[in-house]
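Here is what Swiss-Prot says about this protein:
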type	residues	note
TRANSMEM	20-39	transmembrane segment
TRANSMEM	68-88	transmembrane segment
TRANSMEM	129-149	transmembrane segment
MOD_RES	Thr187	FMN phosphoryl threonine
TRANSMEM	215-235	transmembrane segment
TRANSMEM	238-258	transmembrane segment
TRANSMEM	267-287	transmembrane segment
TRANSMEM	300-320	transmembrane segment
Amino acid sequence: MAFWIASSPHNHNHTKTPNLMRLVIYATLPGVLAQWYFFGWGNLIHIGLAMTTAIICEFTVLSLRKKPISHELFDGSALLTALLLGICLPALAPWWITVIGTMFAIVIVKQLYGGLGHNPFNPAMAGYVMLLVSFPLQMTLWQPPLTLVAVDLNFTNTLTTILTGFTVEGYSVEQVRTSIDGITMATPLDTLKTNTGLGLTVLESIKNPIFGENLALGWEWVNAGFLLGGLFLISRKAIAWQTPISFLLSLFICSFIGYSISPDSSASTMFHWFSGATMLGAFFILTDPVTGATSNKGRIIVGLLAGLLVYLIRTSGGYPDGVAFAILLCNMSAPLIDQYTRPRTYGHLKGDK
């Protein structure tokens, strides 16, 4: 009896790119909703503006490159890039910040290198870092949670502030950032970094209202939302578990060592986990299959390296949150890491080329 044997691979994956992109977008909803609940409409407006800009840029570049627009424009990758960038921006950043960042992410970082699957860097993080370096003032005007803001940031006020720089009543962004107590607010990471640099202890720093009663007012729930979405992606096997778990483990170990050595000047492990962009970076950006490592060992190494870099930048660098910089550095290292962690090909001896 003759048997017909199909050529390898025998294990097929029927997941299509648009389906995967939609799944990741859906998984961000808990974090985005928490962001809206605690910080208002700002990021939702930026997300909508970024998505519109991304579609226009993608359509224009695909037309110039004479690529199949109907297929590549609607694969969801541009929308996901815009979503991640919109999440990361300050809620009251001016509208042109979103447009410039999205154009850079789509046109330069993604399409200039050949489109989806060819970009060496994560487009959203590259766009964010470009904005942070080029426009540091606009990119560091973080809005405190709504409970600490003296101005009513409804949808109209927020939209007007993003478009003009002033609320309907005439308040500037700097005035909006002023708390009910008359103190200009910053993020918990920024506040802690500034205060410890001035010689204050962590215990003295967390008396600031921005820290709330737990870890970081509002930010802990935003991170919890992205953690929930990330676990959903792992359960659906949409992302590999090695990278986010090793990243969180590395950040936990580094912060635990720092806190054990100097609790007066080092934040706790849970603070590092549930503040800034920790969970967003762990589950939604580091797991990018295009710019990350491909082998299981490589993914673990990338996660460990990213966690170490985030901790070092947060504690010793010039920026309060180092997730974006750490991810781009890991993107640069991923090809080299893959080179030395590539599994042996079946049928070949170790060391064979």
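Heads up, the Cβ atoms here are built off N, Cα and C, so glycines get one too.
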Exercise. Okay, the transmembrane segment (300-320) and the transmembrane segment (20-39): do they have at least three CB pairs under 8 Å, pairs separated by 6 or more?
Worked result: no
Exercise. Would the transmembrane segment (300-320) count as touching the transmembrane segment (238-258), if touching means at least three Cβ pairs under 8 Å and pairs must be 6 or more apart in sequence?
Worked result: yes
